[in-house]
Amino acid sequence: MSVLNNSEVKLFLLIGIPGLEHAHIWFSIPICLMYLLAIMGNCTILFIIKTEPSLHEPMYYFLAMLAVSDMGLSLSSLPTMLRVFLFNAMGISPNACFAQEFFIHGFTVMESSVLLIMSLDRFLAIHNPLRYSSILTSNRVAKMGLILAIRSILLVIPFPFTLRRLKYCQKNLLSHSYCLHQDTMKLACSDNKTNVIYGFFIALCTMLDLALIVLSYVLILKTILSIASLAERLKALNTCVSHICAVLTFYVPIITLAAMHHFAKHKSPLVVILIADMFLLVPPLMNPIVYCVKTRQIWEKILGKLLNVCGR
C-alpha cells in the first residue's frame, strides 16, 4: 500500500541549484553560516528581551514574536536544505513534505501577521503617544500574540489534508530545496482546483496584511508631517526604520517570485531558486541585525551583557 491513496509516487525529489550540483558542498558553507547567524541572532534578541525588565514593553514583545517566527522559518527549512546541499540527499517522503509545508507556510503567515501588528504599534506610538501604554497593555499584547498564532495555524492547517487527497502518478521533481504548497500541488495528476483556490486565498490574506501595513504607514506619514519640529519629525520617522526594513526583506522576495511566476515568460530557474532561498534565509538573518543596530536600547543591553561576561 502506498503512502498516498492510489498513488504511485512514494518519494518527492528536492532540487538544489541546477547545473551546479558538483558545487553544492561549497554552497552549503554560506547557507550553514547564515542559518547559524540567524538562529544565534534571534536567540540573542529573545534572551535580552526576557532578561531585561526595561525591555518589557509592547514594542519589544512584538519584536520577540518576530524573532520566534524568524526562528520558525529557519528551522522549518533547515533540515532539507542541509540534506540537499551537504549530502546531495534529494528524496523526501510525501508526508514529511506536507509537514514541512505546514510549518513553512504557518510561520510565513505568522511573520506577516507580526509585521502587521508591529505597524499598528508604530502608528499608536506616533499618533497617540500619551495613550500608547494604556492601549497596548501587556495583557492585550499577549492576546494579540495568541490570536495571530491561532490565525496562522487555522489558515494553513488545511494544506496537508488537501494535498494528501491528491494522486501523484509520475511527476515527483519539486522546484526548491524545501517543500511549498504551490510547488507540490502541481505534481498531482488529479484535480487540484481546491488547492489552487485555497492557495490563492492564503496569498490574498498575506497581501491584505501588506495593504494594511501600507495604510498604517500612510497614516503615520500624515501624523509625522503634522509635527512642527523637523528634529521631532526625523526622530519619529527613525523609530520606524527597523520595521520598514523588516517589511521590505520579507515581502520583496515574495512579490518578486509571484511576479516572475505570473509574468516572466522565459524566467531563469536559477534566479527563481535563489530568490526563493533568499525568502527563507534573509529575513531571519537580517531582522536581528537591523534591530540591534537601529534600536539603541537593545544593542546597549547586549553590549552590557558582553562586558559583564568578559569582566568575570
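Placement of Cβ uses the backbone N, Cα and C atoms for every residue, glycine included.
Different topological domain names are assigned in Swiss-Prot to LEU130 and SER175, which places them on opposite sides of the membrane.
If you compare ASN42, ASN192 in Swiss-Prot, the N-linked glycosylation site annotation sits on ASN192. Take the CB of CYS189 (disulfide bond) and look out to 10 A: across all protein chains shown you find 14 other CB atoms. Take the CB of CYS97 (disulfide bond) and look out to 10 A: across all protein chains shown you find 23 other CB atoms. Taking Cβ pairs closer than 8 Å, the topological domain 'Cytoplasmic' (47-54) reaches residues 60-61, 63-64, 297-298, 301-302, 305 in its own chain, all 6 or more past its ends. In the three-state DSSP reading, ASN192 (N-linked glycosylation site) counts as coil. Residues 15, 17-18, 31, 34-35, 37-39, 41-42, 44-45, 63, 66-67, 70-71, 73-74, 76-77, 81, 104, 111, 175-178, 180, 242, 245-246, 249-250, 253-254, 256-257, 260, 299, 302 of the same chain, all 6+ positions outside the transmembrane segment (273-293), place their C-beta atoms under 8 angstroms from a C-beta of that stretch.
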